[in-house]
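Undergrad: Structure in structure tokens, see below.
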Amino acid sequence: MSEPRPSVRQRLRRALLGAPIPNSRAHHERLSPFLGLPVFSSDALSSVAYATEAIMLILIYLSTSALHLQIWISLAIVALIAFVSMSYRQTIHAYPSGGGSYIVASENLGAGPGLVAAAALLIDYILTVAVSVAAGVAAILSAFPTIRQHVPDATVTLSILCIAIVAFANLRGLKESGTLFAIPTYGFVLAMAAVIVAGAWALGHTPVIPFHVESDLIGKEANAMRWFIVLRAFSAGCAALTGIEAVSNGVQAFKAPESKNAAKTLTIMSCLLAFLFLGLGYVALHLPEHYAHFSIHESNSPKYLTLTAQVAAFAFGQNSVGFYTLLIFVALILILAANTAFADFPRLASLIARDGYLPRYLARLGDKLVFHNGIVVLAIAAAALVVVFNGQLDSLLPLYAVGVFTAFTLSQVGMVVHWHKERRPGWLRSAVINGIGATLCFVVTVIIGFTKFLEGAWIVVVLIPMIYVTFIAINRRYASITRQLAVSEPPPDVTGHIALLLVPRVHRGVLSALQYARQMKGEIRAVHVPINEKGIFEVQRQWAIYAPDVALEVLPAPYRSLIQPLTDFVDDLRAKNPNMLITVIVAEAVSTKWYQRLLAENVAQQLKVAMARRPGVIVANPRYFLS
């Protein structure tokens with residue numbers, strides 16, 4: 001017997017997403033540090049493209065002279081990178097199977113802190129997509145500014161297009177291949193290193209000009225407390241630490257010895273991040289004294305150019321090969337950072353769903369061996385953020401780091417508890433390292449929450465407890481369902497069964513449904529609901545010919561409704577015998593062409609909705625096929 005022809009929906013899905021992938025072809029690439037670095041570092045390294053710019057954008061609110069504080073803030077952030085990296089090295093060795101913040105906090109601090117970390121991380125992944133894509137689009141528009149003239153609302157349009165492309169690629173089963181990630185990541189590192197070296201050389205070989213910054217933001221908050229602005233700038237620059245925990249989540253992706261290779265990769269990533277961050281900051285610090293076109297504008301300004309574009313223009317020359325090469329690699333690594341979130345968000349959501357705190361469909365692998373429901377949720381949420389904030393990077397960044405450092409803090413506190421429980425040789429040293437990391441991350445969380453609260457961080461501060469409450473509500477609902485379905489006592493005996501056959505008119509499909517009803521035990525009752533009373537006699541006449549042994553009841557329909565008389569009839573039957581089962585049988589026509597289905601009334605679905613809340617009532621729709 002030949003297989004049934006796939007439906008239009010199935011054929012369209014296959015054309016867009018490709019053929020299903022069997023479990024036997026699951027991707028298990030083991031990575032060396034050389035290939036592991038590009039897979040796990042794109043999120044962290046890409047933050048160099050906007051973190052220094054975010055610091056300078058805040059400092060200019062005080063004055064142009066305040067820009068000199070940028071390098072000191074950058075040094076403080078690099079010190080923070082070092083401590084957090086050392087802390088996560090401990091996590092890697094303690095959790096060789098993968099130690100994300102959710103797992104570490106749940107195992108050592110309990111379900112509550114674990115769920116807070118999970119809520120913070122889910123928000124962080126959504127923001128990673130929105131921020132990375134917005135920054136990538138900013139790089140593209142800085143390289144090709146004429147796009148703004150030809151694409152309406154270019155920032156939002158291109159951002160949503162990028163999100164759609166990355167989501168589509170992941171729905172097709174895109175895997176985190178080290179080779180695939182290597183070229184954009186190492187290309188970005190080399191291009192950034194080149195622009196830093198070339199920029200530093202140019203600083204020593206170009207004449208010093210009067211200190212100049214083109215900006216309409218100078219002194220915007222000159223009367224504000226200086227320390228508060230500096231803390232705000234520090235908070236903005238802490239975006240450089242986003243993604244630094246990624247290696248600890250994927251220890252099992254590395255070749256043996258897994259923990260050693262993962263720790264090595266984390267160290268290399270942290271060193272590269274510190275070098276690129278400080279190097280770009282150093283060149284940017286001296287640009288106002290050497291580059292006459294240096295400007296600082298908000299990202300919604302028509303004059304806006306990214307800081308990396310201006311450094312590249314100074315180091316390589318405007319519109320040079322080096323200028324375009326750098327910006328293309330910046331855009332590529334930012335897209336990769338967004339892609340990393342499309343792998344991590346669905347994976348984390350599946351873990352939470354398996355624990356019963358999110359809908360279980362988020363734990364289900366699709367036919368492309370990806371958590372497709374999580375991918376769709378992430379794409380919609382990130383696109384909504386882009387639309388709400390108009391794709392403006394400096395509007396999205398204040399939301400970014402709160403969730404990251406909340407998860408960092410809980411993870412590191414969990415590690416302190418872990419070492420205290422284990423008490424292996426050298427546990428005190430490890431506990432001290434994680435304790436310092438936890439303290440620093442907590443202090444930074446408070447600073448970011450305080451300084452960025454009114455700029456948008458309040459949204460994350462409110463969302464985390466809301467998501468936590470949602471987790472608890474979902475878990476309680478699943479627990480309630482489990483209790484209700486538990487076999488504590490046998491269900492009440494069924495005292496009868498009626499097969500209730502709907503007869504709109506007598507035709508082949510209805511008679512086939514009658515044959516189906518005859519296979520059931522119990523009484524068969526046929527009912528006709530006359531929408532047009534002129535046809536009653538003809539239906540009764542034909543029924544008497546083809547089914548003389550089954551009485552046909554005519555239900556009055558004074559308001560020409562098909563559903564209401566049937567539901568009233570079923571309710572009357574149930575009232576007489578509450579323990580009786582009723583199967584409402586509706587023959588359903590199936591057309592082979594999609595456009596022919598537009599002519600169908602779809603009575604079966606309407607009845608299923610109407611009967612959904614009536615216990616003991618089943619709607620069956622035996623199908624008959626039309627050519």
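From the backbone N, Cα and C atoms, a Cβ is placed for every residue, glycine too.
Below, the features straight out of TrEMBL:
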TRANSMEM  69-88  transmembrane segment
TRANSMEM  109-142  transmembrane segment
TRANSMEM  154-171  transmembrane segment
TRANSMEM  183-204  transmembrane segment
TRANSMEM  224-244  transmembrane segment
TRANSMEM  265-285  transmembrane segment
TRANSMEM  321-342  transmembrane segment
TRANSMEM  369-391  transmembrane segment
TRANSMEM  397-419  transmembrane segment
TRANSMEM  431-450  transmembrane segment
TRANSMEM  456-474  transmembrane segment
Undergrad: Which residues of the same chain, at least 6 past either end of the transmembrane segment (456-474), have a Cβ under 8 Å from a Cβ in it?
TA: 112, 115-116, 118-120, 122-123, 352, 356-359, 395-396, 398-399, 402-403, 406, 448-449
Undergrad: Among 224-244, 265-285, 369-391, 397-419, 431-450, which stretch has the highest count of C-beta pairs below 8 Å with the transmembrane segment (69-88)?
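TA: Highest pair count goes to 265-285.
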Undergrad: Counting CB pairs under 8 Å, which listed stretch among 109-142, 265-285, 321-342, 369-391, 397-419 touches the transmembrane segment (431-450) the most?
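TA: Comparing 109-142, 265-285, 321-342, 369-391, 397-419: 397-419 has the most Cβ pairs near the transmembrane segment (431-450).
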Undergrad: The transmembrane segment (265-285): which same-chain residues, six or more beyond its ends, come within Cβ distance under 8 Å?
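TA: Sequence-distant neighbours of the transmembrane segment (265-285): 33, 36-37, 40-41, 44-45, 47-48, 51-53, 55-56, 67-68, 70-71, 74-75, 77-78, 81-82, 85, 88-89, 92, 189, 192-193, 195-196, 199-200, 203, 240, 244, 247-248, 254, 307-308, 311, 314-315.
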Undergrad: When each of 109-142, 183-204, 397-419 is checked against the transmembrane segment (154-171) for Cβ pairs under 8 Å, which one has the most?
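TA: That would be 109-142.
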Undergrad: How about long-range neighbours of the transmembrane segment (369-391): same chain, 6 or more residues beyond its ends, C-beta under 8 Å?
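TA: Contacts with the transmembrane segment (369-391): 21, 23, 25-27, 125-127, 129-130, 133-134, 137, 155-156, 159-160, 163-164, 166-167, 170-171, 173, 300, 338, 341-342, 345-347, 349-350, 361-363.
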